[in-house]
Amino acid sequence: MAMDNATAIFEFLLIGISDYPEWRVIFFTLVLITYLSTLLGNGLIIFLIHIDSHLHTPMYFFLSNLSFLDLCYGTVSMLQTLVHCFSTHPYISYPRCLTQISVSLVLATADCLLLAVMAYDRVVAISNLLRYSVVMNGPIVINHFVCEILSLLKLACSDTSLNELMILITGIFTLLLPFGFVLLSYVRIVAIVLRIHSSQGRIKAFSTCGSHLTVVAIFYGEAISTYMKPQSKSSPDQDKFISVFYGALTPMLNPLIYSLRNKDVKGAMRKVMAKRA
C-alpha cells in the first residue's frame, strides 16, 4: 500500500461460508469426510510404498512424494476451514495469514514440478516398456475460507497491477511451462505407442499413464483457471469454492486415481492384511 495512506493491519476476517449459515453443518461434514479420506488414502499409500520392497521403484517414489504433498496441502487448506466453519468471528492474524500463503504456494509449486517430472517418468517407461523397472481500521475481510494470495490482493488500497503481473509471470514458470512439458511428453508417448504393432501392447502402454493424465487434467485445470485468467473476470464466490475443490478434493482423489487402483499397490495391501491376520 502507498505509504501516505497506509493502515496497520493486524488480523483478517475470513468470510468463508458465513453468508450461507444454513449450509454450515453439511459443508463441515463434507469437508471433514474429505479431509479424513485424504489422510487415510495418502497415508496408506506412503505406508505401503515404504514397507513393500517391490514398490521401491522410481514411479512409486514419485507417488509417495505426491501423497506426502497432498497430505500437507490438504492439511494447510482444510484444517483451517474446519476450525473456522462454526466460528462467529473467524479471525486470522497477519503473520499466520502470510505463513499460510507462503506454505500453500510452496506446496502447490512442488506439486506442479513433481507432476512434470512424473510425465517424464512415463515417457521413459513407455519408451523402454520392456526394460523399465524403476485499508480501514479494524479487521480486513477476506472473502475466502483460507488466506489465499488473490483474495488478499483484492484488499489492497493501492494499485496491484505489479503484484498481479508477478503472479502471472510466476504462473508461467510454475504452471504453463510444466504443463507444456507434460503435453510434449504425452505427444511423444502417443508417437511411441502408435509404433507398437499389437493392440494389446498399445492398451497396456496407455494404461500406464492414464492415471497420471487424469491427475494432471484435474490439478493443472483448476490451477490455471484460477491463477492465469484476468482478475477483472474473476468471481470471488466462485473462486473460493473452486479453491475448496482444488485444495480438498484433489488430495483425496489422487490416491484413488493413482495408487489404490494399481495392481502392485493392491498386492502390497493384501500382503499387509495377510501378515496382520
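Cβ atoms here come from the backbone N, Cα and C positions, even for glycine.
Annotated transmembrane segment per TrEMBL: 25-48 (among others), in sequence order. Through the fold, the transmembrane segment (25-48) approaches residues 17, 55, 63-64, 67-68, 70-71, 74-75, 78-79, 81-82, 85-86, 244, 248-249, 251-252, 254-256, 258-260, 265, 268-269, 272 of its own chain, all at least 6 residues removed from its boundaries and within a Cβ separation under 8 Å.
The domain 'G-protein coupled receptors family 1 profile' annotation in TrEMBL covers 41-258.
Taken from TrEMBL, the feature transmembrane segment covers 60-79 (among others). Note on the transmembrane segment (60-79): residues 31, 34-35, 38-39, 41-43, 45-46, 49-50, 100, 103-104, 107-108, 110-111, 114-115, 117-118, 121, 145-146, 215, 243-244, 247-248, 250-252, 254-255, 258-259, 264 of its chain, located 6 or more positions outside it, place their CB under 8 angstroms from a CB of the stretch.
Here the transmembrane segment (99-120) has long-range neighbours at 59, 62, 65-66, 69-70, 72-73, 76-77, 80, 92, 146-149, 152, 174-175, 178-179, 181-182, 185-186, 212, 215-216, 219-220, 223, 247, meaning same-chain residues at least 6 beyond its ends whose C-beta is under 8 angstroms from one of its own. Marked as transmembrane segment by TrEMBL: 99-120 (among others).
According to TrEMBL, the feature transmembrane segment maps to 132-153 (among others).
Residues annotated as transmembrane segment in TrEMBL: 165-191 (among others).
The transmembrane segment feature in TrEMBL is assigned to 203-221 (among others).
Per TrEMBL, transmembrane segment is recorded for 241-260 (among others).
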